[in-house]
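Below you'll find the structure, written out as structure tokens, and then a few comments.
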């Protein structure tokens, strides 16, 4: 409980810091005043239309990725599982890339995220068709890996056939993941789906605890394997699909955060879920603050930073786990 | 009172029959040992009885909902998986999952009782999957006890345990049966099965070859037909030791 309280406090703090950062120099207090009570001039608009959606999306996507990562690790009983594993984000990215390539993304404001959502939905449909109602967790991984590599090949093909280097560069930059220049309409697109997905995932806690003993023992403890898989895949897809659609591919949050927090919750999958959601939100908010502080003039991409920080952190964890003889 | 009733249970895998028309009852107070060679269908019988795999025929447990079944029968599978480094206490508390309506005090009482019964008090806060094999096995049995079910089904509970742990595990299961629970286990050690179980069921090729008291079931003829071995019997103060002598 103390961990949850501390993480909540950290997230709240980072949320406020995120709100007070931007090219327009305003004191954090004045900014908050303008956000809450409005006022004259451009400040309330800057706060409501630029900074608020960015901070909300950081919270939402970070939290979602942390939660989805913890749930998938619990389900697959593998600390190396991450939300990208089931291929939904890859298919979402493919949808987005096609939207950029065909000009759909510039035809109307939500063209890109909607195309990405369609891609993600297609990915889930393929996953469920392949992994089937009776498949085990191994089938799910294999199907996910196959779909993810197919999506990767599709993205490479679009880049390959790209008529000019500018389109290719735009695709590359989008793939790196970012929260810059997102609007409230992005928030309204992602929020309901991600909340629904999170509710589905959070409800799997007890079943994930039971899975600690293996699939058979869990089934004998009253867990329905088919229902759990459906609930988990649908929940993770509803989180990862919209997250990819509005922010691009952001790696390592869903992998590293559950890993860091696991010892703090006594390794219990059910207790890891909320902790990892808060931890993910904190990590992404912090990373999004960092990209604005490190090189404010160069638009450092969020996904690049999470990977640059996340990968060495992960190596360190592997090193520590190996030294402890736990891997 | 019958706690488990199987009638004409059959399981087919890839068009090959694994279990054929098995009928079996386990009553309260009985300690039933399933014996038979590898591949005889012992594990399959347990899984089918628990409704974990599709089967033909009828198991009394299959009529219950998954949640009710988990409050009636606890199952210790052959794989002794503990996927995460949880504490022994948390591991044992997993047995309380089928009881969402129970109060915290009830849950704690059940976990404490299981811990003290298995002598795990010194290990309560230790990390379960870093204990020795014997201690892990005790933790997993304690988890099954915390489930507080009238029926216990354990798949090779003494496999991989040292002799002292084998003895204490089987005598615990026998005590549980004496207290009025029904216990069904699969065992490979025929001598141990003869000594502790009140009844043995010999499976061979997916069918019941013999069902009765240990003396009846472990006849030379049954062992020859079921296992294809000749045995030597040595009388000891603790009972008859059965030593596999030679393949036929």
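Cβ atoms here come from the backbone N, Cα and C positions, even for glycine.
The transmembrane segment annotation in TrEMBL falls on one of the ranges A:138-159, A:160-181, namely A:138-159. Residues 173, 175-179, 247-253, 255-256, 259-260, 283-284, 287-288, 290-291, 294, 327 of the same chain, all 6+ positions outside the transmembrane segment (A:300-319), place their C-beta atoms under 8 angstroms from a C-beta of that stretch. The transmembrane segment (A:84-104) shares the most Cβ pairs under 8 Å with A:110-131, out of the stretches A:52-72, A:110-131, A:138-159, A:228-261.
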